[in-house]
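Look at TrEMBL and you will find 33-113 tagged as domain 'VanZ-like'. The transmembrane segment annotation in TrEMBL covers 42-61, 68-89, 95-114.
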Amino acid sequence: MIKFSVKWLWFAILVWFGLSCYGLFLRVPSGQVPSVSHLDKVAHFAMFFGQFYLLSLLFNINTKTKALCLWAVALGWAVASELIQGYFTTRNMDVWDGVADMVGASLAVGLGYLQQRQC
C-alpha cells in the first residue's frame, strides 16, 4: 500500500470536505442538467466513501475500536448533513441520501481497516 505524508492527507481531506460541503449545501441544482434517476445517491456514496477512506488512512484504522469510532463520526456527519440540507438550504432531507452516505462511509472504513491490518 502507498504511504502518504500526513500533511498531504490533511490537505486532501480538507479539500474533499470543502468540495463536499459545496455540493451538499451551497450548489443549487439547475433544471438544465438532464435528470438521471438516483444519481444523487451515487454522489452521496462517493462523497462519503472518499472522505472516510482518507480519514481511515490518516488515523491508521487498524483496530475495531478505531474503526467503530470513525464509523460513529460518519453516522453523525450523515445525520447532520441531512438536517442541514433540510433546514438551512433549498434542498430536502432524504433518508435514502443518509443510507447512501453510510453505505459509502461503511465500505471506506471497512476497506481502510482491512488495509491497515495487513500493514
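The backbone N, Cα and C atoms fix where each Cβ goes, and this holds for glycine too.
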Model confidence over the domain 'VanZ-like' (33-113), averaged pLDDT: 93
How many of the residues that make up the domain 'VanZ-like' (33-113) does DSSP mark as helix, as strand and as coil? 64 helix, 0 strand, 17 coil
